[in-house]
Amino acid sequence: MYMVESKGGAIACMLFSLLLLGTWPALLTLLERRGRFPQHTYLDYTITNLLAAAIIALTFGQFGPSTPEMPNFLTQLSQDNWPSVLFAMAGGMVLSLGNLSTQYAFAFVGLSVTEVVSASITVVIGTTLNYYLDDKINKAEILFSGVACFLVAVCLGSAVHSSNNADNKTKLDNYSNDCKDGVRTNGVTSFKPTNFNQGSTNGLDDGDASEKAKFGTAAFLIELENTRSIKVLGKGTFIGLTLTFFAGICFSMFSPAFNLATNDQWHTLKDGVPHLTVYTAFFYFSSFCFVIAMVLNLTFLYYPILNAPKSSFKAYLNDWNGRGWALLAGLVCGFGNGLQFMGGQAAGYAAADAVQALPLVSTFWGVVLFGEYRRSSRKTYTLLAGMLLMFTAAVAILMASSGHRK
């Protein structure tokens, strides 16, 4: 099989993973803002996410001859390695719960802040665990300086959201006071809603009503509320931040679990049984991620949460608006996760947590595609700049701590 062994190759995997993992949340956000049911989107996403793991396992995991010490993917499927498999499956479970939480948090808190806060928590907790699991192959003085920067980014991310939320409230209050046609921010009745799941002619390929108003204006916020599938105007920040912190805790657990699955630091395997390769572990990891996502989202079709729309399995099968974007998001995330683990196996999973710089990419998409922070206050812009600066420094420091697994 093909294994990444050099530090340069590991860093290349991390950088490519960073680009992919920062892009798929933007695709899910795009669909939610254009009215597609979140349950439909996530069901499509999780199918191709598993497909990506299968492709990686059957290509990179099968290249070259199989040896007793390093068996190929198909060979490992029949070996007695269930303790490691269970660790991989546990990692897939918490990743699935984290991704599902962020899908709703994107609506309440915004793409940029959700990614920054959850990724920062991931690094603070997950990187520390991985450092000790990896037998301290990373440079501690450098690694934990990066972790400290991530911790500061968490605080700044929360402050950015609070400030931007106050800016939006001011815009909506002023709009309500100045409006002469009866529009109110709690009614949001003068704009025609767009519902892509009930036969609307304004499909995802045609754009949405929010494009008629300028980014950052009160009219844009009201039109967006009519279009999106999860209604958030008038809701407090507590729900969004709670979802974001829960997602961060889940994300902080999946990489250490994967680390245990591939390196067996707790010596759970029987003598003579080889460790799971990164490709076999990733396949089991993604398979259980798929199972959890399918069970929860099929349930949410009939019993939705957080005021999401109710649906059915038949409606999901017939909903083709935006399905291509959802399927693409799953592939992008799957290959991004695979590259992260390939780099982590070579340079240490603590250093590979540098891919949590994905909010840098997500913030770019948030500003360009969704108009986040447009027409906000100077205070919000200052906090946003500080957050991104700390985040950039943290990632650079974390990559500089890369070691080499023996």
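Each Cβ is built from the backbone N, Cα and C atoms, and glycine gets one as well.
The transmembrane segment annotation in TrEMBL covers 6-30, 42-61, 81-98, 105-130, 142-161, 238-261, 281-303, 324-343, 349-369, 381-400.
Under the criterion of 3 or more C-beta pairs below 8 Å, with sequence separation of 6 or more, the transmembrane segment (381-400) and the transmembrane segment (142-161) qualify as touching. Each of 6-30, 81-98, 142-161 was scored by its Cβ pairs under 8 Å to the transmembrane segment (281-303), and the highest score goes to 81-98. Using the rule of three or more Cβ pairs under 8 Å, pairs at least 6 apart in sequence, the transmembrane segment (81-98) is not in contact with the transmembrane segment (349-369). Long-range Cβ contacts of the transmembrane segment (105-130) within its own chain (Cβ-Cβ under 8 Å, at least 6 residues beyond either end) map to 22, 25-26, 28-29, 32, 98, 143-144, 146-147, 150-151, 153-154, 156-158, 160-161, 164, 228, 230, 232, 235, 237, 239-241, 243-245, 247-249, 251-256, 259, 306, 344, 348-350, 352-353, 356-359, 362-363, 365-367, 370, 372-373, 384, 387, 391, 394, 398. Ranking 42-61, 142-161, 238-261, 324-343, 349-369 by CB pairs under 8 A with the transmembrane segment (6-30) puts 324-343 at the top.
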